[in-house]
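Noted in Swiss-Prot for the protein shown:
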DNA_BIND  17-56  DNA-binding region
BINDING   GLY91, ALA92, GLY93, ASN94, ILE95, GLY96  NAD(+) binding site
Amino acid sequence: MDKNKNISMAVIKRLPKYHRYLNELMKNDVDRISSKELGEKIGFTASQIRQDLNCFGDFGQQGYGYNVKELYTQINSILGLDKEYNAVLIGAGNIGQAIANYSRFDKLGIMITAIFDANPKLIGIKIRDIEIRDIDELGSFLKSDSVDIGVICVPKKSAQKVSDELVNGGIRGIWNFAPIDLVVPEDVKVENVHLSESVSTLIYQLHQQR
């Protein structure tokens, strides 16, 4: 893949859905699938799927469709899921603990190597054999260990400070669960998961049905 190619974020955000469905197809021993069949399963048009995949190369064959395993492997590589990424999690409250206990991260190549919190009652407790550390140790940990991703699960008032420390520690990817839009340098990538915004969208759709 040409890393300089200008591909819209909308296309990138659809790739994980393709990836997930292709994985399910492999589990069901499906060897090949057409763009029409794939579209019917995931709610996209066949044309949309072809356009998305053509951004990264020529994967399908006319009259044959897509080889499921080959397409899965290609998308896996495009998304960077064929590599490993070390992550630190900051905030071991309910959301943080749920994320730390999510077993599928290992399959995505994401390894949570440390967990930090400011609550003295949580420090020393283990989650999946990872001991929760004092938040004051975050800076020194980032200096001594290679970390790719910071997962922020702290309250809004603490999130920007944590983000600044992650950036100063060399992290270039932040997964943010705090209800705030972080201010970061241009070369730092942030993926926000604002739960209130997500549920508000659902409520709006329910409201329109009344």
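Here the Cβ of each residue, glycine as well, is placed from N, Cα and C on the backbone.
Taking the binding-site residues GLY91, GLY93 in turn, the residue surrounded by the fewest other Cβ atoms inside 10 Å of its Cβ turns out to be GLY93. As a summary of secondary structure, the DNA-binding region (17-56) carries 28 helix, 2 strand, 10 coil according to DSSP. By neighbour count, meaning other C-beta atoms within 10 Å, the densest spot among the binding-site residues ASN94, GLY96 is GLY96. Taking each of the binding-site residues ALA92, ILE95 in turn and counting other Cβ atoms within 10 Å of its Cβ gives the largest count for ALA92. DSSP assigns GLY93 (NAD(+) binding site) to coil in the three-state reduction, outside any helix or strand.
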